[in-house]
Amino acid sequence: MKRQALAAIIASMFALAACGGEPAAQTPAASAEAASSAAQTAAETPAGELPVIDAVTTHAPEVPPAIDRDYPAKVRVKMETVEKTMKMDDGVEYRYWTFDGDVPGRMIRVREGDTVEVEFSNNPSSTVPHNVDFHAATGQGGGAAATFTAPGRTSTFSFKALQPGLYIYHCAVAPVGMHIANGMYGLILVEPKEGLPKVDKEFYIVQGDFYTKGKKGAQGLQPFDMDKAIAEQPEYVVFNGHVGAIAGDNALKAKAGETVRMYVGNGGPNLVSSFHVIGEIFDKVYVEGGKLINENVQSTIVPAGGSAIVEFKVDIPGSYTLVDHSIFRAFNKGALGQLKVEGAENPEIMTQKLSDTAYAGNGAAPAASAPAASAPAASAPAKSDY
């Protein structure tokens with residue numbers, strides 16, 4: 001069963017069919033409309049008060065549009081915690097605890113200096129209280145006490161986004177690890193006042209480790225296993241909450257020549273991610289989601305409860321595999337994604353296979369040919385795991 005599950009994962013990575021799920025790009029018209037609306041809001045705001053703006057938030061892998069204003073605002077963010085059963089893998093379901101109905105929660109994008117007002121609701125069907133700790137907030141608990149909310153209740157609090165960067169938010173109700181392990185995390189981007197450089201495509205990706213009673217691939221609804229979580233022995237390590245969430249039909253898409261920016265988080269609760277895109281080198285990495293930029297990076301560490309921003313230009317077409325390069329997590333536990341790039345081949349950068357000839361090894365006489373061994377009932381394609 002485990003081999004069959006792995007086969008399904010890897011097969012999806014190399015499917016050549018066209019993929020959906022591409023985040024919608026903001027058009028110039030939409031950007032101009034948003035800018036005009038924001039300008040009108042600012043003009044109508046009484047002196048000494050911040051204009052009030054409703055946040056545009058997005059489910060992964062989509063990213064909210066860039067901030068298109070040069071002044072601070074009060075940004076209103078609505079969040080709802082929902083406990084729901086969803087697919088973890090083929091034939092496998094899990095009772096997730098979520099922000100806004102999915103894992104990760106919606107991505108939030110604000111500007112340095114904004115006041116973020118959070119309206120936090122806990123769905124009446126929830127079985128326990130929930131809250132949110134914003135790593136972007138300065139103050140005890142990151143808002144956890146202010147947002148502690150029973151089922152069927154709504155709490156409101158605000159914080160000022162003092163420092164730019166990419167930050168995790170997560171539930172912090174005891175037992176904290178259990179709430180996070182069930183999927184309660186997401187990212188908030190605090191753009192610097194001057195904004196970020198423009199790129200062609202942006203994607204939102206968060207890794208998480210999940211602890212089920214049954215082993216990976218065990219069918220049916222799988223409950224949370226606290227003993228495995230304490231021992232840090234996950235059955236699943238995945239991007240965006242589910243096996244195959246950004247692979248196969250859900251693959252990310254770009255075109256050759258485009259610059260891609262990925263906002264990468266790690267909800268944990270336990271494992272550190274070694275994030276890597278097979279066949280690419282990160283031109284820039286905003287280390288741990290902060291101001292420091294590293295260049296020409298092959299893999300970057302994303303700590304549990306942390307983040308990184310990676311940028312790279314895709315020069316040639318192909319299927320680029322996203323992995324946690326603690327590699328058994330990728331090919332055996334689900335930490336696989338896919339970026340499909342269309343465009344013209346460029347043999348100056350890389351060719352296809354040019355030849356395939358016999359080799360006897362160190363000048364020795366060629367060995368007599370032997371009958372071909374039968375292929376094992378394995379899961380990976382014969383030619384490559386990539």
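Glycine is no exception: its Cβ is also placed from the backbone N, Cα and C atoms.
For 1-18, the entry in Swiss-Prot reads signal peptide, with the evidence type sequence analysis. Per Swiss-Prot, N-palmitoyl cysteine is recorded for Cys19, and the stated evidence type is a curator's inference. Summarising the annotation, Swiss-Prot assigns domain 'Plastocyanin-like 1' to 97-191. What Swiss-Prot records for His130, Cys171, His179, Met184 is Cu cation 1 binding site, and it gives similarity to another entry as the kind of evidence. According to Swiss-Prot, the Cu cation 2 binding site annotation covers His135, His170, His325. Under the heading substrate binding site, Swiss-Prot lists His135, His276, citing similarity to another entry as support. Residues or ranges marked as repeat '2' by Swiss-Prot: 372-376.
Sequence-distant neighbours of Met184 (Cu cation 1 binding site) (same chain, six or more apart, CB under 8 Å from its CB) are Thr81, Trp97, Thr98, Phe99, Gly105, His130, His170, Cys171, Gly267, listed in sequence order.
Between the alpha carbons (Cα) of His276 (substrate binding site) and His325 (Cu cation 2 binding site) lies a span of roughly 6 Å. A sphere of 10 angstroms centred on the C-beta of His130 (Cu cation 1 binding site) encloses 27 other C-beta atoms. Sequence-distant neighbours of His135 (Cu cation 2 binding site) (same chain, 6+ residues apart, CB-CB distance under 8 A): Gly142, Tyr167, Ile168, Tyr169, Ile188, Gly305. The separation of His179 (Cu cation 1 binding site) from His325 (Cu cation 2 binding site), Cα to Cα, is 26 Å. For the recorded site, His179 (Cu cation 1 binding site), the DSSP three-state label reads helix. Each residue of the domain 'Plastocyanin-like 1' (97-191) gets a DSSP state, and the totals for helix, strand and coil are 10 helix, 41 strand, 44 coil. Annotation: His170 carries the greatest number of neighbouring Cβ atoms among the binding-site residues His170, His179, His276, His325 [cut-off 10 Å, Cβ to Cβ].
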